[in-house]
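These notes concern the structure reproduced below.
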């Protein structure tokens, strides 16, 4: 046994959570080690070759606002960009990019190699070095010990992972990679609440064997919406996707073989993602539907592989071949890799606090699918939070907590740590109460100041952000200081009530179908505002009234978040609480009254009782 360099932060796993965690800690100035089984596994897209989407695109923008790497790499690897929900309001529109798998991996590996304070360590983590109950390092398979002040575990689907194809099951973290079993056994010894989840992936098809001529083409947007606030344009050649559909014949084949599916054949105990069901689930759960849409997504510019989004499966290979060939355009499709389901261990995230630190195991943080989430973006956002907080702990500083009122990151962390998960968790805009102000377009305005205060933001981003804020402030002043009569507005084609009241340009901008083009008829000075700033101001004007009303709820939330709960607060002493609530509170250990209020089963009476006890305790301490 021998000892290696002592790190401030060690990260286990080089997936989306691990890379983001390692970069975040390194940007904070912590000496960081990233342990991965292989350099070729860093930044790998294990499932679909895409980043972003509804809710998920917001997370990527927020990661980028804090100078994370996912957004920039996704822009460099993007081969098709689309803004989803374009017909709806800006608050719920989500940027999405089809990615070239190889470019994404290569750019993420390059960024990781070039990141200061970050070392890549190739090896398998099999155990922790302990000092009493505290984690102080990691043991590798070759018995090498690497010591650290804090450790972040990001095992993805590798923790006791099992791959299922029909009735054939084998240990694996993903196709071609072995599972992490010894580490799983070690985690068992911590006594954490754990469970099993599953996810799945579709068969990969050969592009050359697909009849693209009979398929509907889905091109990207003419004006791509990028993820990073620093990106200037697309880097890779853009391509189209194809669209086809399952049919009655497809469904008959699947129904006739449903018991041969690993899921329906009783081989899988883990719960799968509700919003990304297998094709078997779709046929059974939506039996009245005769067709399901399939997006044929190229996996890159220099590969023959195509990802058929919509037909993930755990059926045997012969059945996969039969149902694929029943689909229009895929009659002669060659399957390059069979679809499969993967089952893995996860930790109930209620065992963590809002910093993603394990409550009962000091020095250990968890991020990604080990916390019960699904998706690259959710994993990366957790990695960012864990990386920042592990670095802060390593230097002896207080943790950073993201609020439900300031970010989707805050919404997700709060959902996980106060409510837990019964199925793989994914982000949606509907999960955010304050989504009108948590838009993808203003992620930098919400979070970059936090990043600057923490010290995790580069000088390049700081300068770009300051230039943008100055432009927004100038435009905002111009819009709020300029006012016009109803007659003037009418002459510019803006229909307002003739009530004699003057209205600011910002107020006029909030009227339906009013744009800067109309305002320029009132004063040519508005033409001098750049297009990006104009779009930002139009969104602000559109939501101004609603956000003003929403602010009251935000203030109430912040007030409740201000009621901090001591770590040693004794819920058992409160005779008015039910045993069920006492149990939930003792296991979750909420840190604020706001978190208490979001625990399942919490009543107004119980909340009042806890608040009264907090005030009583506060008076005693100050007396």
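Every residue, even glycine, has its Cβ placed from backbone N, Cα and C.
Marked as FAD binding site by Swiss-Prot: 13, 14, 15, 16, 17, 18. The NAD(+) binding site annotation in Swiss-Prot covers 272-286, and the record cites sequence analysis as its basis.
Location within the structure of each feature annotated in Swiss-Prot.
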residue: 15; record: FAD binding site; Cβ contacts under 8 Å, 6 or more apart: 41, 43, 44, 46, 154, 156, 368, 379
residue: 16; record: FAD binding site; Cβ contacts under 8 Å, 6 or more apart: 43, 70, 368, 376, 377, 379, 380, 383
residue: 17; record: FAD binding site; Cβ contacts under 8 Å, 6 or more apart: 154, 156, 367, 368, 369, 379, 380, 382, 383, 386
residue: 18; record: FAD binding site; Cβ contacts under 8 Å, 6 or more apart: 11, 12, 34, 36, 152, 154, 367, 368, 383
residue: 272; record: NAD(+) binding site; Cβ contacts under 8 Å, 6 or more apart: 197, 198, 199, 200, 263, 278, 281, 341, 423, 424
residue: 274; record: NAD(+) binding site; Cβ contacts under 8 Å, 6 or more apart: 423, 424
residue: 276; record: NAD(+) binding site; Cβ contacts under 8 Å, 6 or more apart: 199, 312, 374, 426
residue: 284; record: NAD(+) binding site; Cβ contacts under 8 Å, 6 or more apart: 258, 264
residue: 286; record: NAD(+) binding site; Cβ contacts under 8 Å, 6 or more apart: 292
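Residue 280 (NAD(+) binding site) and residue 13 (FAD binding site) are 31 Å apart (CA-CA, integer value).
Excluding 13, 14, 15, 16, 17, 18 themselves, the residues of that chain whose CB lies within 8 A of the CB mean position for the FAD site are, in sequence, 11, 19, 20, 21, 36, 42, 154, 156, 368, 379, 383. Of all the binding-site residues listed here (13, 278, 280, 282), the one with the fewest other CB atoms within 10 A of its own CB is 282.
Cα of residue 282 (NAD(+) binding site) to Cα of residue 14 (FAD binding site): a span of 32 Å. Cα to Cα, residue 14 (FAD binding site) and residue 280 (NAD(+) binding site) are separated by 31 Å. Secondary structure at residue 282 (NAD(+) binding site), as computed by DSSP, is helix. DSSP assigns residue 274 (NAD(+) binding site) to coil, not to a helix or a strand. Other Cβ atoms within 10 Å of the Cβ of residue 14 (FAD binding site), summed over all protein chains shown, number 28.
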